[in-house]
Amino acid sequence: MSSVRIECIVSEGFGIGESPVWDEKEGALLCVDITGRKVCRWSPLTQRVQAIAVDAPVSSVALRKSGDYVITLGTRFAALKWKEQLITTITHVDKDKPNNRFNDGKVDPAGRYFAGTMAEEIRPAVLERHQGSLYTLFSDLSVVKHFDQVDISNGLDWSLDHKTFFYIDSLSYSVDAFDYDLQTGKIGNRRSIYRLEKEESIPDGMCIDTEGKLWVACYDGGRVIRLDPETGKRLQTVKLPVDKTTSCCFGGKDYSEMYVTSASCGMDKEWLSRQPQAGGVFKITGLGVKGVPPYPFAG
């Protein structure tokens, strides 16, 4: 375990850094700053971040099969053309809830974009409850709502055999599993596979490794934890130098590096002086496991 190394690769101090995704074609890491309203791309070659400003909170970014990206922006699914810095709305959700916004999103193995909503926060993790829903954007650009009554729709991923969908509603303090039908994108039989312990705090973003184990970023817990979804046991804890760890993904040439986003929103001066890297993006090496490349949106 002593071979694990953590370095801060982006120290821009995002308000709420989220949705790290490795773009293999560009050899770069994508992520968003929700409150900073920007989509970012970090290149390990130049060590630089390019950013595209947007007109609403942007909460997730995903690759697109036809090139460029799709994003969740406010309560819209939208397309993003990087070079042209052009954003086109695909469709709206939660039209009856003007105080809502999308939160985390990810593409399934069949190329469907899953993303959920939540009410805008009054302060970090304080909000009107049960306002969110989980949606899927299909490749024909139609949208399906799976369920509502969600607090903070968050981490999502799929098992290696594509038969299980993993999902986090943060304020339930639980990582849940559903039976998954890859043909139709339908989910059912919800159950909890792991309940967070007090010091782990709030479950946020999540990804899976090639051994089928889940990695969950713990908001206010300053760590990512590795879970076995079969046994419900925690296998490993990696602590970071910031409290507000928000999400994680694997990337790099062989997907052996882990990238972790974080937030600085809601931290006072004294707290920030203790954690100057809050809101940064971190690279973890030496974990001894690899991740699964992200799926592109098929639409």
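Including glycine, each Cβ sits where the backbone N, Cα and C put it.
Residues or ranges marked as active site, proton donor/acceptor in TrEMBL: D204. For E18, N154, D204, the entry in TrEMBL reads divalent metal cation binding site. What TrEMBL records for R101, N103, E121 is substrate binding site. The annotation domain 'SMP-30/Gluconolactonase/LRE-like region' is assigned in TrEMBL to 16-264.
If you draw a 10 Å sphere around the CB of E121 (substrate binding site), it holds 17 other CB atoms from the protein chains shown. When the binding-site residues N103, N154 are compared by the number of other C-beta atoms lying within 10 angstroms of their own C-beta, N103 comes out lowest. The Cβ centroid of E18, N154, D204 marks the divalent metal cation site; residues of that chain outside this set whose Cβ lies within 8 Å of it are S19, N103, D104, I152, G155, I168, S170, G205, A217, Y219, T246, S247, given in sequence order. The 10 Å shell around the Cβ of D204 (active site, proton donor/acceptor) contains 29 further Cβ atoms across the protein chains shown.
Of all Cβ atoms in the shown protein chains, 28 besides its own fall within 10 Å of the Cβ of E18 (divalent metal cation binding site). In sequence order, the binding-site residues near E18 (divalent metal cation binding site) (Cα within 10 Å of its Cα) are N103, drawn from R101, N103, E121. Among the recorded positions R101, N103, E121, D204, the ones whose Cα sits within 10 Å of the Cα of N154 (divalent metal cation binding site) are N103, D204. Sequence-distant neighbours of R101 (substrate binding site) (same chain, six or more apart, CB under 8 Å from its CB) are A56, P57, S59, G74, T75, T117, M118, E120, listed in sequence order. Taking CA atoms as the reference points, N103 (substrate binding site) and D204 (active site, proton donor/acceptor) are 10 Å apart.
Note: the CA-CA distance between D204 (active site, proton donor/acceptor) and E121 (substrate binding site) rounds to 15 Å. Using the Cβ center of R101, N103, E121 for substrate, the list of other same-chain residues with Cβ within 8 Å runs, in sequence order, I34, P57, S59, N100, F102, T117, M118, A119, E120, L127, I152.
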